[in-house]
Structures are given as C-alpha cells and as structure tokens.
C-alpha cells in the first residue's frame, strides 16, 4: 500500500445526479416544443432561440469575469433561462429584444441577487414581464408562421362573445395596465401614418384590438377587423378587393390600408374602441357586432394576428385540437400543449420536477375555470376549460416556469400551497382581469411569497411534538 | 407480514452480494494485538496489567473506569508488550495495551450458568462484568442500557439486525449461522423485563432468507417475533427502527426507553448470551471486509485488538492501490489515513474502494431543490441548517432542531449540488454539545 | 461648514446614499423638467426651514421641535405651491400631488432634526445647501436617464437618433426603481473604492 489514502468526511458515496444534469434534462424536455416552434414559425424563430440562449450564457460569463467570481456558466442554468426566454418571444420579434431580456434575467434577476440559488423570482419570467413592460408593442405583435408547418386554424366563434364583449375591449388595454403607455405604444408603432383616421385605425390595428373588429356594424369593418385578427386573406374574399388590400397593408406596417375601405366608420369605431380600451365601457358597440363570421385560412406569410387567448377572453371558442397540437399563433415555444405536456411528464417521471406543482396548479385552475364557465352559462364549459388550459403560456408555466427550484418552495406541502396560489391568481387574471395572459404575473407573485410559504410549511422535526405533548 | 418503514431515507447501492454468501471464517490475528482502553461510551477503562505480564485469553486487562464504562478483555494469550498510546479509527489518540500473541490461545476457565437460576441483578452483573457494549457502532455499555430507571415501561426489545449500511454482511451472517444464540440472548434480555415486554427481531426485506431462519428458530418461543422492515438506509438507525416497528418517535433529548423500547444490535445480543450463559467476556466479533478493492470480500470472526492490516493480509490483499479505505460502511464510516488501527468491540467493517467515489466532487450553491428535505429521517431542513451553520448561529441552529440530526448522511448523499451538509451540521452539533458541557461544569 | 456641503452632494447624497426623498425621486423624474422643478423647490424650502429652525433651536423646547418644523415646512410648501401655480402652471400641473407632499418630505424633516438642533448656523447653512444641491443633482441624474431611455429626449429636446426605440419601462414606475437602484449602486461602488483607497493611504 504505497499510495496515500484519501480522507474525506462521510458519506463516501453519493446519489447520481448533479445540478448540470438536471439543467440538461430540462433542456431536453423543452426541445420538442422548440423544434415544433421553429417548424411552425420559421427560421427567424430559430435565430431568436439561439440568440436568447447564447446571450444568457454570454451575459453570465461576462458578469462573472468582470466581478471576478467563479465561472459557473457550465452548470447550464443560464442556458435554461435563455432558452425559456426565447420560447416566450413572439416569432417575428426583433433580435435585440430577447437579448436584452436574457441580459436582464441573468444579470439583474439572478447574478445581482447572488447567482445560482438566490434569485427571488424565476429569471425567465421576470425578464418576460420586463420586456412586456418595456417593449409592449413588439412583445404583443403576434404573427402567423413562415415555417414549414405553418397552418393557422380559424376560431369557431360562439354566442358567448356577446357576454364577453367588454372583456374584449379591456384586453386592448390589457397588454399593460397603464393605459397611458398603451396609447403611447400605439402611437409609437404607427409612426408611419399620421392622419386622424389612419392613426386611430392603425393604433387599433397595432394593438390586439381585434375587439374592434366585432364592434363594427358594417360588413367592411368586420372584414377589416378579421383580416387584422387572423390575417386571413379570406376576409378579402368576403367583402371585396379593398379588404384584401387591407390585409396586405396590415402585414406591411398597418398604415392607411384600413382607411381604404370605410375610413369613417372604421376610424370612428376604432377610435371608439381605443377610447373604450381606456375606459372599458363598450357594451353597446360590441353587442352590435356580428357574431358568426367564418374565416378561411390564408396563405400570407407572417401576417399579424391574435393569439387564441384573445378569443377565449371574449368567450369565443377556439379549435381545441389546434390548441392542443399547437397549430395556433403564439410565442415560439408555447403553442403546442401536447409537446409541453410530454416534456413535463418526462421531467416528472425522472424526478426532476415535483409533480405537485403542475398537478395542483392545473387542477385548481381547471376546476375554477370550469365553475366559472358553467356559472357564466357558456355552451360547453368543459371544452372551454380545456381551451383555457391549452391556450397561452399555461402549460409552459405549469411545467417549466413554476417548477423552478430556486423560486418555488422546498417543502412538499409548500409546493402544493404555492401551486394553488398560482392557480387562483391565474384564474383571477384570466377570467376577471384586464390581462389576457395571467400566468407570468401569477407565478411571479407566488415566487415572491415563496420564503413565507417555506416558513409556514417548515416541518416539525421527528419526535419533537411528541416530546412537547408528554412534557 | 406488512412492510414496516419510516419516512425519508435513501437507497444506495447495497453491495451485499459481494460477501453475503460467504460464511464466517476464523481469522488468525497475527503476532501483535492492540487493545484500546476506550472502546465504548463513557470513561475509558483503566489498565490492570503491567508490561511483561503474561495474560490468558479472557483475562481482564482493563477495568471499568466508572459507572458508565466497560472492562476490556484479552482475546488471545500472550505477554503484555507495551502500555502506550495508539490511534483510533478517527485518528484520535487513546491509551492501549499491546499484547504479543503467543499463538497458544490458552483461556481462563469460563463459568457458564443456567438462565433459570439467575436473578435479574445477577444477569446484569454478568453482562457488565463481561464488558458487553453496543456492537452496532455506538458502544454504549449494555448493562447500563438494560437497567433503565423504570423497567416496567419497556414493552419492546428490538434486536437490530437491519444492517442498512451498504456492503456490510456480518450481522446477516450471524442471523444465518448463529440463530440459536440470538434467540437465547434475547431470552436472557427478556428475563430482565416484565411479561408484557416483547422481543422483536428486526430484519430488512433484502434478507428474507435470514428472516425465515430466525422465524424457524424462535417458533414456539413466547414473547418473540420477527419483524420485516423495508430495505432503506438508515433503517438500522435507532430512532428510525423504533418508528418503523412501533410507530413511536424519539427525539434527541429522549432515550429509547422513554418510548418503551430497548434497541440492541444482533451481535450485542449474541454477546449477552455468551456472557450470561457461557460466562465468556466480549472478546471477538464478526467483521466484513468488502468493496471493490479487496481480493476476496468476506466475513471474518475477528478477535478484538486485531490490526486492520492483518485482516487485509488474511484476505489476500487488495486488487490494486485503493484510494479510500473506510472503517465501517460508506454512509457513516470513517475514511482511514492510516491502516494501522486495531479492531474494537464496535468496529465491524472495512469498506475499501479502488476509486474514491467522492474524489472530484465540487460543491455548488444550494439550488433549493428540496431533495435533502425529502430524505431526512428526522424531518429536518438540512439546506437551511447548513446556511445557519455557515453563519455560525448556534442559537438558531438549536431553534431549528439542528440537534436532532443523527448524522446518517442521507442529505449529503442526495444533494445534487454536492453540498457538505452532514459533516457541517454534525460539526455544529458537536460544538453545541461541547458548549453545553462547558456550561454545566 | 464646507465639509457638510460637500458631503451633501456626494458622500451623503440624500437620494442615492441616504435613501431619503425617494417619493419625489421616483414619482417626478419621468422627465428632466419636472424633476428639476421639484428638486429646486425642495431645495429652497429645505434651506429656508433648516436655517430658520436653527435660529429657533434655542427658543423652541425639545419636545415641540419636530412639530414646529413640520408646521414651518407645511407653510413654506404652501407658499412654494402657490408661487409655482402662478408662474409655472404646466409644471405645477405635471408635479401633481408631489408638490404638496413636500410638506412631509423626508429630506427636509430628517435634515432639520439632524442638524438644526445643534444650533450652529454655519453647519445648517452648509448642510442645507449641500443637501439641497445634492437632491437636485440626484433628481437630475435619475430623470436624465429615464427621459433619455424612456422617450429619447432630454428636457424635451430630441437627443436620441431617429431609429432609437424608446424603452417604455423607463418612463413608468418599474424603470424609476431600476434607475434609482443602479445609480445608488454606482454611488456605492464609488464610495467603497474611495474607502479602500483611504484605508490604503493610512497604511
């Protein structure tokens, strides 16, 4: 025995698994959705994903070099954050926005608070919220894809739309709570056309004010709105060449196109709409809207459109299958509920994420939505609930965002409480709030409550209660 | 039989198959044996022989140093070569009597006895005199343990044959090869307690054949039964065992007796039998040498005082240069810097690895995954306790139940960030205990 | 006295170091013009109150000191508001509630209670001038960042190039917090570096 023996404290064996392995597994679970996103939305989406992931890693590396800290980029946590940020971007967003988001997430939310293990909020979600605040127009400009699988499905409009009229109006202002900013954003994006009618129209168009579409009492306006909404050339077929032109111009930058049809009524309605957005009272205008438009799918590339949530917000129904599979507009990685579900189950089976969070979150949200839908008298409450589940960022949030170890509680009962809080908050946001998307805000709120939840659910050590009882 | 268990725990690779089928072999202890005077909890024993004295096997060479103490006996015949200082497995120095083995194995005469003729006090006296201590690793003097303040509250005698540490198979071989001694020893112990007291032999479900053997051995005997527990580390930890078998919880300020239980390792029970019925003092134990480094992992019957080097030699040596040799099992054993350490009443194994499994593990920041919390059998929050320890906050450490830690190592085992949880929490525990001791004086 | 003065500007800048007056610092700094107005108004009132209270420090009993200070500040705030409303109505409009809030401004009240009680006019003069100017500078800094990034202008003049996409967040509350935080951090870094330098000099 010539060699020296190694001495270290017990235990001398360890379970397999490291931090970096966990991060790798999360990335693997996210890949199917990413691939689908790229196939659906085109190569620009791939660029976004690569840029966001890369800049997150780079930001961490640079920060650690400058602050002379241990280089931890290889543990993969920055990559996960970056990828999640990328998956939260609308497909045609300018490249520098996710980069800013990644840098913000890594430097401000994660590193400034102490690095890995110390972020008080999910960095990807915090970045998403920051970007929605900072660049609301770009972050809410959704388009259909230019990718291989690009097929946009039409929504089936139902009678509930009437009941949900104001919700539709409200959502116009819903991107950010500050209506001033909304107006400002609108003004910004329609920099091109400055005529009154145009401005109003364009602003309308810019926003997701598809509610405006419904508000129009004449067919033209309706056609125009639809075109804006789903960017379906079909609207053109519906009325006349003007509408088609509208759709085209829509896509190009939304200038006077709308004005071409019926500038007055459109403008009036839309200005009204914008005003309504600010004040929130649109009952009459909305109610007058025709409710049974049908749309054909168009073959335009990258037409601006709305996400399914807008329809749901108005009580309209959206094709369930499309929602589940992912043939809908939305952010790059959030559309396919199926693939996200598969990824989530994969992680749960491997023990990477605790099943309690997604199960209790989706469960509580589902139950609450079901009850609300039934109470509101929707046609098919169960179907509506499923649509709410699969639309927007809920699947992504439930499996990949809320389950972030650092910002979620570490006790089992704590996680259940956490998930229930998010479920209730998301329900409140989606059903009663101005926002169309409540998931990010709900999760962030719950993240802030995590230390409190941890304290509340701290276990009583083995044998302690008994002693107190007997002493 | 239902599967009994407790909450928490981990499932490390068991490694039992390396040595479980090998029957216990007698070991020639070699020319020199080292008898540490401190092989138990309590005051060290005091040498009662002098250099040059000839001693016989079974002769007392160290007398008990106090009430909570135990005598030490020679396990071979020979001459006292030296009374000096030697290192224990943890590296601490201790007084030792070194005896040169004359290879004759001449013994003193052992006075046997019949159980029905012995009174309770006589039984305890024979156990005490024989120097029987807890052979599961703690080394608490058994005679003291078997004489609690109020014997009438004891309703369970748990014979701990769990052997939850990976690689160790000595207890298992005892179950398979000496079941009658176990039953007889349990009978002795049961005589010390009232008729409502039941003896339970606790075996993990990875040793079902041993459970069968024990069941057959005790069939017909009253007040005895076999309980099978779920195989999990640390099933053999006292508090976890009591919880699994009886459902009762014991904390750090309580004794098992407060929960009506007395827990003894299976080899301790055999030693009780030998002490009381055969009149033999505690001189030897069953020992496992295993891991991927030894040429032939197996079980030996080892006389107390045998150097580890001798065991390794008798086993045929190592397959290469091992990076780590552990006295005990991989979860709670001590990594040895020096193999020149003697076997004591409480040391039961050598686990030897060619490659140190924890060699290049870099510890990272806590990612709050909660994996440590899931597995802690004492329902602690190890990651938080480590934070408190790193801040040096002794008061908060105690407030958050840090003193309840049993040092099982499950938390460190499971942590994906490889944080040094167990060792630091234990270090703080030691600090607090030392502080309390200082304040008591 | 001069030491107090310089302290008020950098080392103990009321907003960025002492974290006083955060309300106006966050609420009025969306653009440079209202921020400067607020800052100057506060500074003027601060100087007046601090000097007067110092003069009165011997006459006013200990227990009544704070009450008198608040009263005096409130009166001067009312006067300042009136002056503003008469001469700069748009600014007055823009500042909204923040102007009357000056009556309980933490900058004014804490400086008064810290310095005026000592009774030294020189100290009070140095402190109030320093703190006042420091406050104005801090508000100028925060509002400059916010206006440049949030609207591309400075004091209403277009500064940033045409293609610049303003970051809406900076015109709003979150941006305010971020800006103050980063500026405070920058001051902190500077202070630490200075401290370690002086340490080294001492060796």
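Cβ coordinates are placed from backbone N, Cα and C, and glycine is handled just like the others.
Note that TrEMBL annotation is computational and uncurated.
Quantities reported herein were computed from a predicted structural model and do not represent experimental measurements.
For residue B:366 ([4Fe-4S] cluster 1 binding site), the count of additional Cβ atoms within 10 Å of its Cβ stands at 24 [all protein chains shown]. The annotation [4Fe-4S] cluster 1 binding site is assigned in TrEMBL to B:366, B:369, B:372, B:415.
According to TrEMBL, the [4Fe-4S] cluster 2 binding site annotation covers B:376, B:405, B:408, B:411. In the three-state DSSP classification, residue B:411 ([4Fe-4S] cluster 2 binding site) falls within a helix. Counting every protein chain shown, 30 other Cβ atoms lie within 10 Å of the Cβ of residue B:411 ([4Fe-4S] cluster 2 binding site).
Positions annotated as domain '4Fe-4S ferredoxin-type' by TrEMBL: B:355-386 (among others). In terms of DSSP helix, strand and coil, the domain '4Fe-4S ferredoxin-type' (B:355-386) has 10 helix, 0 strand, 22 coil.
Among the features that TrEMBL reports, domain '4Fe-4S ferredoxin-type' is placed at B:394-426 (among others). On the 0 to 100 pLDDT scale, the domain '4Fe-4S ferredoxin-type' (B:394-426) averages 94 in the predicted structure.
The [4Fe-4S] cluster 1 site is defined by B:366, B:369, B:372, B:415, and by the 8 Å test on Cβ atoms against their centroid, the other residues of the chain that qualify are B:367, B:368, B:370, B:371, B:382, B:383, B:411, B:414, B:416, B:417, B:419, B:421. All protein chains included, residue B:408 ([4Fe-4S] cluster 2 binding site) registers 27 other Cβ atoms within 10 Å of its own Cβ.
Checked against residue B:405 ([4Fe-4S] cluster 2 binding site) by C-alpha proximity, the binding-site residues B:369, B:372, B:415 yield B:372 as the nearest. Separation of the C-alpha atoms of residue B:415 ([4Fe-4S] cluster 1 binding site) and residue B:376 ([4Fe-4S] cluster 2 binding site): 11 Å, rounded to the nearest whole number. Note: residue B:369 ([4Fe-4S] cluster 1 binding site) has non-local neighbours B:416, i.e. same-chain residues 6+ apart with C-beta under 8 A of its own C-beta.
The distance from the Cα of residue B:366 ([4Fe-4S] cluster 1 binding site) to the Cα of residue B:411 ([4Fe-4S] cluster 2 binding site) comes to 12 Å.
Of the listed binding-site residues B:405, B:415, the Cβ environment within 10 Å is emptiest of other Cβ atoms at B:405. Checking the binding-site residues B:366, B:405, B:411 against chain A with a Cβ-Cβ cut-off of under 8 Å leaves B:366. All chains included, 29 other C-beta atoms sit within 10 angstroms of the C-beta of residue B:372 ([4Fe-4S] cluster 1 binding site).
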